[in-house]
Amino acid sequence: MDSDSCAAAFHPEEYSPSCKRRRTVEDFNKFCTFVLAYAGYIPYPKEELPLRSSPSPANSTAGTIDSDGWDAGFSDIASSVPLPVSDRCFSHLQPTLLQRAKPSNFLLDRKKTDKLKKKKKRKRRDSDAPGKEGYRGGLLKLEAADPYVETPTSPTLQDIPQAPSDPCSGWDSDTPSSGSCATVSPDQVKEIKTEGKRTIVRQGKQVVFRDEDSTGNDEDIMVDSDDDSWDLVTCFCMKPFAGRPMIECNECHTWIHLSCAKIRKSNVPEVFVCQKCRDSKFDIRRSNRSRTGSRKLFLD
């Protein structure tokens, strides 16, 4: 079926789906421009306003609208002159597409704003760096200029006279003393310091630690470093007495540190036998057993 018979038969009243007109390049370009304008990528031409207001839009299969209607809507495009190959690729629509796409591309705008924010932050850091260095230098100067300020003591300790060059210090019951106090006569008893529930009392060359109960069982007596027995070595650990609490063995009469004997100050036994004496007794028993066993074998 040729194009003349198809054009003659292409009327709304006498339309049959079997008769179709061949579409040309101009028809395809017109259709594409209409679709782009309908999607909002390019502005509508002035002649196309009645087409857009029509209730039934153009079909993508291109079978319901006559070519005469397209020519009336787009009279500026010459139908007799074929479009070049470059027009088929829609190169003439690229500038308008770019102009319409630039405002809607928010990703590029975000990248630009992020770069600007980073630049501002760098400028702020560079401007704040010399100020911080000057502030640190000022703090160092103030620390070097300020004298050492001692912490104020309690009113009960301020009334106690102390030696200016060699202040008194309280000893821990298990650690050797590092300082010495001014000598006091044996008859005088002076309260030196109060630490929580424990009171440190000095009696001549002895320092007594008393709890709140002030019972004799809770006292820890320590000897001052001025005593001759301070550097005396009696314990098997080969360390001096050094004011630490010790206990005497009932067998060999040697003084042993409570920490070396693994005895707590709150649980000191009345009778103590050191480990060496225990081992010697055990060896004697073993030797006696071996002797009696050998005698029995010899007699048998």
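The backbone N, Cα and C atoms fix where each Cβ goes, glycine too.
Predicted, not measured: the structure shown is a model, and the values here were computed from it.
Here is what Swiss-Prot says about this protein:
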| type | residues | note |
| --- | --- | --- |
| REGION | 109-185 | region 'Disordered' |
| MOTIF | 110-127 | motif 'Nuclear localization signal' |
| COMPBIAS | 113-124 | compositional bias 'Basic residues' |
| COMPBIAS | 125-135 | compositional bias 'Basic and acidic residues' |
| COMPBIAS | 172-185 | compositional bias 'Polar residues' |
| REGION | 241-248 | region 'Interaction with trimethylated histone H3 (H3K4)' |
Going by DSSP assignments with H, G and I as helix and E and B as strand, what are the residue counts for the compositional bias 'Basic residues' (113-124)?
12 helix, 0 strand, 0 coil
When the pLDDT values for the region 'Interaction with trimethylated histone H3 (H3K4)' (241-248) are averaged, what is the result?
85
